[in-house]
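Chemist: Quick paste of what Swiss-Prot says about this protein:
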- 14-21, 27-28, 66, 93-96, 104, 120-121, 164-165: substrate binding site (BINDING)
- 15: active site, tele-phosphohistidine intermediate (ACT_SITE)
- 37: phosphothreonine (MOD_RES)
- 62: phosphoserine (MOD_RES)
- 93: active site, proton donor/acceptor (ACT_SITE)
- 96: phosphotyrosine (MOD_RES)
- 163: site 'Transition state stabilizer' (SITE)
- 166: phosphoserine (MOD_RES)
């Protein structure tokens, strides 16, 4: 749990699989529900946190139902179904612009596999009318620092249930990674990551809760 060197706790979790993940669609700010698998993933993540004794003082999630439902399921599993939960579009997934709602294979046919891969896995190149990961970070990080960090520094145990790219932005900041490093980081659906932070909210260690 917490130690003298790392008194503060932050848990990040990507939402469970959504119906659109299952269909291989670009989702972005579209709002599909969790799939049956996604509900099970969120429940399992919550069970694993409970088995390790984790509790929270406040939770944050996005304005999208797949993250909100994941957050709710986790809190139910750890025995805190009524915990204060703050929802903000600042934690939304990267906005995929013209790619949203398209099957990834269809997008590759339209623009070419290499171009689609550049949009997906470069730090500062955005798809048409969408956000790059850099743009996403510029939305997520000011909110994290102004709104979430004060709770961490008060010693509150914080849960954030969000999305692959909004969480990549946070992880890049927490771990001091470069843009090139963070675009290679894969985040499994529904698997919590526990960050142990020092008194100033800086990264000390982490634990992947995947078993």
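Glycine is treated like the rest: Cβ placed from N, Cα and C.
Here the structure is a predicted model, which means the values were calculated and not measured.
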Chemist: Taking just the CA atoms, what is the gap between residue 15 (active site, tele-phosphohistidine intermediate) and residue 163 (site 'Transition state stabilizer') in Å?
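Modeler: Computed Cα spacing between residue 15 (active site, tele-phosphohistidine intermediate) and residue 163 (site 'Transition state stabilizer') is 6 Å.
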Chemist: Non-local Cβ contacts of residue 104 (substrate binding site) (under 8 Å, 6 or more apart, same chain)?
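Modeler: For residue 104 (substrate binding site), the qualifying residues are 24, 25, 26, 116.
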Chemist: Which one of these recorded positions has the most other Cβ atoms within 10 Å of its own Cβ: 20, 96?
Modeler: 96
Chemist: Cβ distance under 8 Å to the residue listed as 'active site, proton donor/acceptor', same chain, sequence separation 6 or more: which residues?
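Modeler: Residues satisfying the criterion: 27, 28, 29, 62, 64, 162, 163, 164, 165, 166.
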Chemist: Pick out which of the modified residues 37, 166 has the most other Cβ atoms within 10 Å of its own Cβ.
Modeler: 166
Chemist: In whole Å, note down how far the CA of the residue listed as 'phosphotyrosine' lies from the CA of residue 20 (substrate binding site).
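Modeler: Given the Cα positions, residue 20 (substrate binding site) is 14 Å from the residue listed as 'phosphotyrosine'.
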Chemist: Give the number of CB atoms, excluding that of residue 164 (substrate binding site) itself, located within 10 Å of its CB.
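Modeler: Around residue 164 (substrate binding site), other Cβ atoms within 10 Å: 18.
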